[in-house]
Amino acid sequence: VLTGEDKKHVQHIWGLLSGAEEDLGAEVLYRMFQSYPPTKTYFPHFDVTQGSEQIRGHGKKFMAALGNAVKNVDNLSQALSELSNLHAYNLRVDPVNFKFLSQCLQVALAARLGKEYSPEVHSAVDKFMAAVAAVLAEKYR
């Protein structure tokens with residue numbers, strides 16, 4: 001459960017990323033494809049090389065969706081409803097992949113933010129991403 005302090009940490013970190021969302025999103029996706037190669041099966045039409053236009057474009061969408069979740073942290077189910085439907089019913093993404101993406105995001109944040117990504121912030125981001133993953137997986141039940 002996200003506490004008020006957790007929400008502040010997530011919102012603060014998100015503010016630090018302003019302007020770098022596309023680069024970070026591309027880095028996160030590339031990390032996921034490298035660390036968890038089976039995730040590439042959901043993107044058969046993508047050029048999965050580092051910095052490709054497809055990775056950059058989808059990374060930007062990923063970060064925009066997370067930005068929307070950060071803004072609507074108290075109502076994630078409503079904020080992510082369409083995305084949940086898309087991933088569950090149309091794309092049929094295995095929910096375990098949301099955890100993989102979360103791990104890759106956290107590695108990228110730690111590498112990018114250094115000391116700003118304190119243990120408290122890491123914990124808050126982990127809880128936030130777990131909440132996002134849970135909402136995205138709601139439609140699978």
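Backbone N, Cα and C define each Cβ position, glycine as well.
Annotated features in Swiss-Prot:
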DOMAIN    1-141  domain 'Globin'
BINDING   H58, H87  heme b binding site
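Other C-beta atoms found within 10 angstroms of the C-beta of H87 (heme b binding site) number 21, with every protein chain shown included. Classification of H87 (heme b binding site) by DSSP places it within a helix. Long-range neighbours of H58 (heme b binding site) (same chain, six or more residues apart, CB within less than 8 Å of its CB): G25, L29, F43, F46. Note: the domain 'Globin' (1-141) comprises 113 helix, 0 strand, 28 coil (DSSP; helix = H, G, I, strand = E, B). Summarised as a single figure, the pLDDT of the domain 'Globin' (1-141) averages 92.
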